[in-house]
Amino acid sequence: MNWLIAVVFIGVYIGMALGRWPGLAINRTGIAVFGAVVLLLSGAISGEGALAAIDFATLAVLLTLMVLSSQYAASGFFDWIGDRIANLGGGPRGLLAGVVAVCGILSAVMTNDVVVWAVTPVLISGVVARGLDPKPFVIAVACAANAGSAATLIGNPQNLMIAEFGNLDFGSFLMVCGIPAVIGLVTVYALILRSPMMRAQLTDGGVMAPKRKDVNAPQPVLDKKILTKAVVATFAVIAIFVFVEDRALWSLLVVAILLLSRRLPTDQVLGRVDWHLLALFCGLFIVTGAMSQDAEIAKLFRDILVTLQIDHWAVLAAVSLAGSNTIGNVPLVMMLLSLGPDWSQSMLHGLAVFSTLSGNFLIVGSVANIIAVEQAQKAGTVISFAEYARLGVPITLISLALALGWMTFIS
């Protein structure tokens, strides 16, 4: 057994859990890259082995979705949809329903992180103007984005990895995972609506105060030409996932076409790409790849998972819940795919659903939660760890239990 690989692996995943290394300003991306470099320089993994460990297909599709989201942002779509949601009628109940439905649907065809990042600031502005506390709505954005993203192969980064690993079919994935996603969205709406945080706002029959319009504030402008291009590209990506085997190369063709623009400079389009996330993936791929290439370590890890009976639905759900809220759902999925047992298609579907829904448990459960809380703080709304947990914990436990029942039923 190569003990250096084991030490680096443990150190990197402790960093994933803490978000940093104590005493240093390094973040998760830096930790993953540092670990990969140490393994390369020490010879624990060769350059060829590192390249083989990196799942370039997943990175290519993730890059495609980021560029696609950049196109939507450039069209003003996110500002426009956020403003529309904030101005929905039907009182706080109607507003909450709109937030959950729109964020859930958008996250099924875009990465959930992008939806949360783009919608949250505009929504907070509109909600505050209505005289409402934005906290339950911000939590609804994060939880709905996570739940909705479970429905499709392109909803979040871990689903992309699972799809490429198992060469999963888009249609069958949607049929299996779409139901738990919808159940999750209904759970998000029902529990937030019944929460003390939300009930305090259901006064006067749930009628919101008139929106205090700022006549000097610019109204969201929707560039229909850029939006049309983005929508066409979205359908093209979905068609690629449905009909094409080599998804990565064809997805990159969509990127290349989007870059051919007379109005949007390339640096503006690529400037919105989350290169830090792509670097994080590369680092983690190399670290977990080194583990899987060491026969003794890989066997030890697989023996542990076999002992835990990871192929049982309840165990897989429990591991997903624990792992997603410690090291994070993306590192967890990457580790399980690299070092776990042979995965059947149904177990991959379960891993996608459980790891995604588990992300609603705590703020640290998913990147989308962290983004929502940070965006809210920038807008002057502070959501504490406990405030989020009071909603996130029951939402996750109920949606996971129902998803577990569904996966058991169809299997």
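Note that Cβ sites are derived from N, Cα and C of the backbone, with glycine treated the same way.
Whatever TrEMBL says is automated annotation, not expert-curated.
Given the structure is predicted, the values throughout are model-derived calculations rather than measurements.
Feature list (source: TrEMBL):
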DOMAIN    20-337  domain 'Citrate transporter-like'
TRANSMEM  29-46  transmembrane segment
TRANSMEM  53-74  transmembrane segment
TRANSMEM  94-124  transmembrane segment
TRANSMEM  136-155  transmembrane segment
TRANSMEM  170-192  transmembrane segment
TRANSMEM  249-265  transmembrane segment
TRANSMEM  277-293  transmembrane segment
TRANSMEM  313-339  transmembrane segment
TRANSMEM  351-371  transmembrane segment
TRANSMEM  391-410  transmembrane segment
Quick one: mean pLDDT on the domain 'Citrate transporter-like' (20-337)?
89
Apart from its near flanks, which chain residues at least 6 from the ends of the transmembrane segment (313-339) lie with a Cβ under 8 angstroms of it?
13, 16-17, 28, 53, 157-158, 161-162, 165, 280-281, 284-285, 288-289, 291-292, 298, 301-302, 305, 347, 350-351, 354-356, 358-359, 361-362, 364-367, 396, 400, 403-404, 407-408, 411
Among 29-46, 53-74, 351-371, 391-410, which stretch has the most Cβ pairs under 8 Å to the transmembrane segment (277-293)?
29-46
Determine which residues of the chain contact the transmembrane segment (170-192) at the Cβ level, with the cut-off under 8 Å and only residues 6 or more beyond its ends counted.
96-97, 100-101, 104, 108, 136, 139-140, 143-144, 146-153, 163, 198, 238, 241-242, 345-346, 349, 352-353, 357, 360, 391, 394-395, 398-399, 402-403, 406-407, 410
Using Cβ atoms and a strict cutoff of less than 8 Å, what residues sit near the transmembrane segment (136-155) while being 6 or more residues removed from its termini?
61, 65, 95-96, 99-101, 103-113, 115-116, 119-120, 123-124, 127, 162-163, 168, 170, 173-174, 177-178, 180-182, 184-185, 187-189, 192, 195, 197-198, 201, 237-238, 241, 352-353, 356-357, 359-360, 366, 368-369, 371-373, 375-376, 381, 383, 387-388, 391-392, 395, 399
Take the transmembrane segment (249-265) and find every residue of the same chain, 6 or more past its ends, with a Cβ under 8 Å from one of its Cβ atoms.
60-61, 63-64, 67-68, 71, 74, 225-226, 229, 233, 236-237, 240
